[in-house]
Structures are given as structure tokens and as C-alpha cells.
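A.B. asks: Residues or ranges marked as transmembrane segment in TrEMBL: A:67-86, A:107-126, A:132-149, A:170-192, A:212-233. Look at TrEMBL and you will find A:105-226 tagged as domain 'Na+/H+ antiporter MnhB subunit-related protein'.
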Amino acid sequence: MNRLRLWLLAVGGTGLAALLVAACLDLPRFGGRSHPYGDRAVHASLRRHIANTIASVNFDQRAYDTLGEMSILFAAVLGCVVLLRQTRDEHRAPPEPAEVARPVRRYALLVLPVALVTGLYVIAHGQLSPGGGFQGGVVAATALHLLYLGADYGALERVRPLGVYETTDALAVSSYVVLGLAGLLAGTAFLANTLLPYGTFNTLSSGGTVPLLNAAVGMEVAGAATVLLAHFLDQAVEIEDATEEEPGK
Amino acid sequence: MSHAMDVLPYLVAAYVFLTGCYGLATSRHLIHAVGCLAVCQSATYILLLAVGYRAGGTAPVFSDIEPGSRPVVDPVVQALTLTDIVVGATVTALLLALVLQIAKRHGTVDPDELRELRG
Amino acid sequence: MADAVIVVTLLLTAACATAAVTQRDPARQALVLSVLGVVLAALFTVLQAPDVGLSQLAVGSALTPLLIMLSVRKTRRRGRSKEDRE
Amino acid sequence: MNGWILAATLALGGGGAAVLWGVTTGPPARRILAQNLATSAVCPALLLLSQGYGRPSYVDLALLLALLGPVGTLVFARLLSDDLAGERPSAWGLTWTAAGLGLAAVVAACAAAGPGRAMVKLLVIGVLLIAGNVIASRALAGGFRRVGGG
């Protein structure tokens, strides 16, 4: 059985490898000069006074796709919440606090605000410099979990009312949709970037609706990552089977 | 050298993808399999960005350079890759949640043992 | 010659991917995966995609390892308590 | 190809190979140590690349890595504290070498950037990188002791 499977894998893998190599040899040469879509995207972005072309592609030219991406994230978090909920045969045992060396604790508590500010900075400058809602949101959510590293799970739970983050997540997704619908009401198209003035190039308020959509994505990702990590932490640290023995033995 | 350079990034992407597939097929632990899937996903990032690269180009971000002063790489594939990474992370999270659920239901995380359980 | 840095990071990425697959213990694999995330971020910088590099850093260096390690911990605890009962 | 990129290539190649070797062999303690060194090897390389490409905005990557890299190492140190119980790795020589590499990169980048906002950012990165590196090593050498399930 096992040997048969390996043989099958070897045959399939060799075939796939041959096809992939053939495809690679036929691709346009690495580093080539012809990027028609890229050049047009850059022009469109500059026309709308957005310094970061990638943000322009994500939140203006392909804003509808980003809505899909957000719904995937939202649905995945929902799925994780359902899969990792506490079932009837499990109980919660509050974990005993871990003993953290003082320098580590100090470092975690000092870096936490720095990381939060960095996250907000990355979100706010999304349409100017590299970064954006997604990157900043993950950083902000990770920053919060420094409390778990610096202190213990109890401390994290106290500053993390989960309902608030779940609501933030949902609100952010709906605000993205509302921003899209606003374009429709204004007589153009869903998520069209024609509502707001484009502003001065390379300033925080430039780019019409892009900064707003960016902020919505940032909020959503921060909320989603926090909720996700909360459920995994609950499972790993707090929730136990009825049959499970006391931890730490 | 320059001729090999024309396809090397694509070949690396293909190699990474195949390595991930090998790991997936021979995995003895479901969490390990999820990690191998993450390796497969990273192959797609490499491929997309390699397609969009332009020799001597720089990032199409104009906060610190004058627009038009330097050639830029393709922003469209970068935006695609960004979406790809987000979706990849959510897939990893969802699969890990499923693995925990399987461990809870069947008491094992070895795919072969799971097959025997089903009979 | 200008491509040397691209070649080096590409080869490093391939080596990291191989290492991540050959580590059979999920906890050890998570360590290699986080290194792979950091190396990928460097590769994306070299390919002039700082936005992508940032999100790979955010996801690969802290979020994914944390998720994997928490899952490992949960399954290990379960395994340990099962052994205790037997 | 300028000197900055050449230096970054050396840091990436040398540091990357060493990290990869360390992270795939040996006991868990050594592996986590190598994972920590990945941050301290790649972060200076990113700073150098930012200078080499003449793009100050690439510095954000180094900032994020200096912030999140040690966090990742602390995650491993915390969640693998059981495996680390017996052995307390203390590779202070290596840690200070890596810190020196970071310091050299930050100083060089500062000298090239000149005084201003960019320099403040670079200094913040330097402080975060070196502090994070040292603290992560400290955490490995007995920073977390498990009392219960926490």
C-alpha cells in the first residue's frame, strides 16, 4: 500500500515537474521590459494622486476583488470560531500564571505600545509608503498578544473583550460595503473612486476613498486576527476535555 | 549566467511547489501537512513576483522617488500576491482549526491512522 | 552580476523550503517555517515588492508560527493525557 | 551593484546559511537560538538593501522585522518551555556578534542618511533590534518557567 503510494507520487511528481519546467521555459524572460498592465496601473494610480500603486490596485482598480478577499477572511474566522467553540464535554480551567523573567516582562510591556503605534502607522500610510490595512492590522493584533508573552493569559483576557473585536470585525466589513454602495448612490458604480476629491499627491488624505477603504481593511484584519488567536489560545491554554487530566503533570 | 537567470526564479518556484507536494503526500502528522501546504503557497508568491519583475526596476511606490524618474516593476502581480498571502494565512488558520477538531473527534493526527478508523 | 543578490536569496528560499518539508516534527517545522517567512520577506524586498514583504513578515514571522505552536500544544496535551490514562 | 547591496548579499548568504544549518540540526534550544539569529541577520541586510536601492521607504520592512522577529522567538521560547527545561542555551558570544552586526548596519545607514526624521527611525530600529535580540536570548536562557498550564 505504502510502496504503491510512493510509486504513484514519484510518477505523478515527475510528470508534473516535466510540465512545470516546460511551462517555465515558455514564460516571458525574468526581468523583461514588457509589462503592459503594470504600466497602465501606474498611470491610473498617478492620475488619482495615489503614491503607492499597490494600494491603488487593491483599493481602487481592484476594490471589488478586495471585497471578496475580506469576505474570505471573515468567513474563515467565522468557521474557526464555530470549529473551536467550547463543546459540552469540555470545561475551562484558568491556567496558573507563568513565571516570566523580569527583563522579558519589561521588554514585552515596553514594546507593546511601540508595536501598536507601528501598526497604526503602517495602516495610515498605506496609500503612501509600503504597507496598508492588512499588514498594519496583523501587526496591531500581534502587538496585543505581547501581553500573553510578557505576563500571562489572564492579563490578556482582561484587556481583550472578545465581543468588541468581533463587532469591530463585522462593522469593518459592512463599512467597506457601505463605502461601495455610496458610490452607487452617487450615481457612478459600486466601489468607484469618484466620491471624494483626490487631494494633494503624497499626503495622508490623498486618493479619494482609498484611505477609508484601507482603514476599513485594517480594522477588519486586526479584529479578525485577534478573534482567531483568541480561540486558538483558548483551546491551547484553557479549554480541557472532561477526560483530560490536570495540566502541568 | 544570464541565460540561466532568465528562468531560474521560475524553476525555484516550481521546485518549492513540488517539494511542498512531496511533503504533503508523505506527511505523518496533520499539522506538518498544513505546514507543507504553506510551503506550496509560498511557491505561488515567488512565481507571481518573478513574472512581474523588471531588471533594474524599483517598487512602484512614489512616496520617496519622483514618478517617472526610474523604471518600476509590475504593481498588478504584487497586489495579487498580497491577496494571495492573506488568503494563504486564513487557509492555514482554518485547516489548523479542522486539525484540532479531528484530534478531538478521533484522538489522532496521523492521516494513516485516520484512514484505518474509517474502515 | 547585479543579479547576485537575487540568486542568493532564491537559493536560500529553496533550501529553507526543503528543510521545512523534511522536518517531521511539527514544532521543529514551525521554527523552520518562521525562518522561511523571514527569508521570503528578504526575497520580496530584492524583487522590489516591499508591500508584499511587509505582509509576509507580519504573517510569517509571528502569526503563523503562533497558530501552529498553539495547535501543537493542544494536540500534545491531549496525547499526554491519553498516555496518562492508559 | 553597489557596496551596500554587496554587503547585504554577504549578510544574507552567510547569515542565512548559518541560520539554516542551526535551525535544522541539534537540540530544540539550539534551533530556537538559530531562529532568533535569522532576525538579527536579515534585519541589517534589509537596512543595507534599503540604502543600496536608494529607497528610504524600504526601511519599514526592517522596522517590522525588528519588532516582530523577537516576538516570534518569545512565542517559541514560551510554548516550548517544556522542551527547554533541561538545557539552558546561552550563546552570548553569538548574540553579541549579531548585535554588533546590527549596530554596524544601523550606524552605516545613519551616516548615509544624515540627521533628520529618517535617522530617528533608523535609531529606533537599531534599539528595537538589539534589545529584542538580547531579550530573546535572555528568554531562552530561562526567561519562562512554567508553573502550570499557562
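Numbers run from 1 along the shown chain.
Every residue gets a Cβ built from N, Cα and C, even glycine.
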A.B. asks: Does the transmembrane segment (A:170-192) make contact with the transmembrane segment (A:212-233) through 3 or more Cβ pairs under 8 Å, each pair 6 or more apart in sequence?
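C.D. replies: They do touch: at least three Cβ pairs between the two stretches lie under 8 Å.
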A.B. asks: Kindly report the helix/strand/coil residue split of the domain 'Na+/H+ antiporter MnhB subunit-related protein' (A:105-226) according to DSSP, in that order.
C.D. replies: 84 helix, 0 strand, 38 coil
A.B. asks: Average pLDDT across the domain 'Na+/H+ antiporter MnhB subunit-related protein' (A:105-226)?
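C.D. replies: Averaged over the domain 'Na+/H+ antiporter MnhB subunit-related protein' (A:105-226), per-residue pLDDT gives 87.
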